[in-house]
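*Asks:* Right, I'll just put the structure down here and ask away after.
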Amino acid sequence: MEGALIARDRVGVQDFVLLDSHTSETAFLNNLRKRYQENLIYTYIGTLLVSVNPYKELDIYTMTQMQLYRGVNFFELPPHLYAIADNAYRVMCSEYNNHFILISGESGAGKTEASKKILQYYAVTCPTTEQLQIVRDRLLLSNPVLEAFGNAKTLRNDNSSRFGKYMDIQFDFKGAPVGGHILSYLIEKSRVVHQNHGERNFHIFYQLLEGGDKDLLCWLGLERNPQKYSYLIQGRCAKVFSINDKNDWKIVRKAFSIIDFSEKDIEHLFGIVASVLHFGNIQFEEDSNGHAIIRNGTQIKWISKVSLSSQIVLSPLNVDLAFYARDAVAKAIYGRTFTWLVNKINGSLANKDSTRKTVIGLLDIYGFEVLDTNSFEQFCINYCNEKLQQLLIEMTLKAEQEEYELEGIEWEPIPYFNNKIICDLVEQKYKGIISILDEECLRPGEATDLSFLEKLEEKVGDHAHFVTRKLADQKTRKSIDWVDFRLLHYAGEVTYCAVGKCEQNVSLEVLCNSKNGIIRDCFLLSELDNRRRPETVATQFKNSLTSLIEILMSKEPSYVRCIKPNENKEPGKFDDYLIRHQVKYLGLMEHLRVRRAGFAYRRKYELFLQRYKSLCPATWPHWHGPAAEGVERLIKYIGYKPEEYKLGRTKIFIRFPKTLFATEDAFELRKHLLGMVSACWRGALARKEAKKRTWAVQIIRKFINGFINRKKPLCPENVEFVRLVQYTYFMKLRDHLPKNVLDKSWLQPPSILEETSEMLQKICIRNLVRKYCRGVTAERKVQLQQKVVASAIFRGKKEGYLQSINQPFMETRLKNDINPKVLQLIHGEKIKYVTPVVKYDRNGFKARERLLVLTQSAAYVVEMAKIKQKIDYATLKGNGVSHCQIFSFPSMNLRVKRQTSKTCNSLSTCSLQFRVGSGKEGTMIFTVGQEPQIFKAKNGQLTVVRFHLNTGNMTCAFSSDAQPSWRARLTLSCKCLLYKLLRKRPPFLFQRAEMCMTKLPGQHLTYIR
């Protein structure tokens, strides 16, 4: 809002509170005129919204505008009806309390349109579901139905609401609309039977005649021409250019189906509308006795057909009273039918869920009326406005006082006109005007308008706000008739005509036996049996108004005051006299006076500091302390005087608008200077950016040319491109180099770097090898040498060999340490390897557990703590290799012969023949069985049975063509001797090579002596 102050000379201020001359009506009107001429129809008075009817379509109610105001701080954007609606909704959701929006103004000021816009805003912005959409449609479509039965064309407005309406919109805990409830007040029943020149009856009569089906009109006994009905021709303007009755009829019919009206309800409702028209065409003549009679009973027949019963009731009345009774019945039927209609709509809007709801109420009420002739209805309307003005002032004062107390600022009493004295004049028990009117209407005997006036002079004649011709001074007496009385309202003087007050205040209690279901619901038989004195219309209105005030007092208020700029509905025309009159009776100046009695401007510290921080070096560009301290530093630097402001707990309060204007002007100047600096800086940045773009174009062009010539020898045309390719490849290669010698991956080079890439790969591999070799320890080197020997023996001959390469050689296979006595017996020779073995005797092949200990020079067979045998490596004679392998020992020869058994598929048997000494021979049989074992067979041969597992090839003890499904179990000493003879290597390699040999599951290595 502050941003618009710089243009205040042209468009005024957005909040009247910021007017310097806030007590001047002229200043108020000038500000309103400036904004109206710029199509700015909304202006605030604090949180009250003043709306001026533009009489033309403005592009300020779009979906974009709805989303713009959704969830935004109230004063952050320009004044708008959506800001009022959104603020009420947000506070309701956050604080979980009830709100109401009071929309008031005279006929033609735009009250009904304002309530429609608020409903549309909630329909669009609130969360919804498919079920809630039904409720939303009913809320929206209840308006066309109520407008059809409750609105009419008047001299001031083509769609004037002739009743007061209060609608509660119910919301669930999610903020979604789930239901509603409508209260109606004081429908203008007199319009049913009488309209002034240039006005129409209620819209529904013309809509039925213009849009109703031919069959429907025929059943109702109606014709399309409205000129044939007495109740429709008194205003002499049945056709209005701005109203499309036929199209409106379609909308009403659609609304009936959505609001859940049954066909029977619609039939009875239209029957009542038609009956009212037929009532108006009933004519009376005087008979010889002076009584009224009906010559033509056609209208009576149609009425009895479509709504009332055919029962005949005779009552001797003269012609005048007969016409009065006819009109009274028509008004009573229409008035109660309208109440039934509202209740029916409420039934369709009711929410059956019993959980707690929050509500936002919309009060669309008639404004203060001052006509040439002011009747009983104007009296009730103005009394209602007195009560609402009293409520407005009280709640505004209460809100101001609460804010001051909350902020810790001393409250100063505000002088204002308290209109409670006028409200008491009208409603006080026993002494008020309404009580006197009731007394006159219900007392025995005939009540007259003059007797009512005399009673008023007697009981309230000394009241300062009541005047009659008899009580007025010489000057005032000329403007008051003998049957008039004048009240001095808060908005000004209004003269009321007492004629007809008593008649209009009598309620009609008949029509209880109608065959029309709606009329039966409206006129109950119990009313005839009730002997209590019935309440008059004035008392009923007072009671309903009291109930409404209680409802509003329980809710948080928001206010919209609607103003009509001219009588001719011309866009752009601003009638000062008319608007001054409305400003007065809407109480806007009084409200402004209350709102400005303290401080004109108040904002939270954070918002104030964020906007004006550039005015103080200490707060610009960022303030890092508490916002309150920053604001205090800021205003001291600007030079605020102590009487110009107060600092509350969360807000700064500025007393005078001129203080705020000076601050805003300084801010605009600083913003202008900053804008110039910013423009220069942006220009420098733009020029720099343009140079970058030019350079980029040249580089791109150069590289495109280089790509085209990339295969040519290095030249000025491609040198940049080639350098880029080289750099890119080398940078990528840096992150993708091989991690070790075995990693053969290498980044694929571009074609122009293939030779370079090959050289780099060789260098890289050599470097990795060099690093690896330098990192190998002496112990690790010995291990690798042993691995090389083992690889030469077992590579390609043993399954699972590749998996054993990375396993380190073991020094021993013993679970426990060697007996110390054995270590003494071998005289401290360095032990290279120890493994448990099983000895099988030559005689009977009895198994005996032994240890095979290999040292640097000999092999020892050990039993417990004894050395059973020592084999010096020097005694080994040698080894010969052929199809079968022969192991030569000093006392034992072994021959390996392979024999195949054809008894089982994929199984084979191998035998080992041996000779010991001078002739002792034997055979070992290697075969496959269900479980591994070694035993002496029945034929006396040693048999080795292994479990059937396809786990590897024959070991080196067999010829190269041995079947892969076999593993030989040879004496470990034989293996060791074999390695010694074949490789001439020291015995410590035996243990390494032996690791590549496998054992039978669960068995030790075998040793045969």
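Glycine is no exception: its Cβ is also placed from the backbone N, Cα and C atoms.
Dumping what TrEMBL says about this protein:
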| type | residues | note |
| --- | --- | --- |
| BINDING | Gly105, Glu106, Ser107, Gly108, Ala109, Gly110, Lys111, Thr112 | ATP binding site |
| DOMAIN | 12-668 | domain 'Myosin motor' |
| REGION | 545-567 | region 'Actin-binding' |
*Asks:* Using Cβ-Cβ distances, find the residues under 8 Å from Ala109 (ATP binding site) that belong to the same chain and are at least 6 apart in sequence, listing them in sequence order.
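*Replies:* For Ala109 (ATP binding site), the qualifying residues are Ser51, Asn53, Gly367, Cys562, Ile563, Lys564, Gln582.
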*Asks:* Who sits close to Gly105 (ATP binding site): which same-chain residues at least 6 apart have their Cβ under 8 Å from its Cβ?
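*Replies:* The list for Gly105 (ATP binding site) reads Ser51, Lys111, Gly367, Arg561, Cys562, Ile563, Lys564, Gln582, Leu586, given in order along the sequence.
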*Asks:* Only counting partners 6 or more residues apart, tell me which same-chain residues put their Cβ under 8 Å from the Cβ of Gly110 (ATP binding site).
*Replies:* Ser51, Asn53, Cys562, Lys564
*Asks:* How many helix, strand and coil residues does the region 'Actin-binding' (545-567) contain under DSSP?
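*Replies:* Its residues divide into 9 helix, 8 strand, 6 coil.
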*Asks:* Fewest other CB within 10 angstroms, which one of the binding-site residues Ser107, Thr112?
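*Replies:* Taking Ser107, Thr112 as the binding-site residues, the minimal 10 Å Cβ count falls on Ser107.
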*Asks:* Just checking, which of Glu106, Lys111 (binding-site residues) has the fewest C-beta atoms within 10 Å of its C-beta?
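*Replies:* Output over binding-site residues Glu106, Lys111: least Cβ neighbours within 10 Å is Glu106.
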*Asks:* Check each residue in the chain of Gly108 (ATP binding site) that is at least six apart in sequence and keep those whose C-beta is under 8 Å from its C-beta; list them in sequence order.
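*Replies:* Those within reach of Gly108 (ATP binding site), by Cβ under 8 Å and sequence separation of 6 or more, are Asn53, Thr154, Arg156, Asn157, Ser160, Lys564, Lys569.
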*Asks:* Around the ATP site formed by Gly105, Glu106, Ser107, Gly108, Ala109, Gly110, Lys111, Thr112, list the extra residues of the same chain whose Cβ is within 8 Å of the site's Cβ centroid.
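*Replies:* Filtered neighbour residues, in order: Asn53, Arg156, Asn157, Ser160, Ser161, Gly367, Cys562, Lys564.
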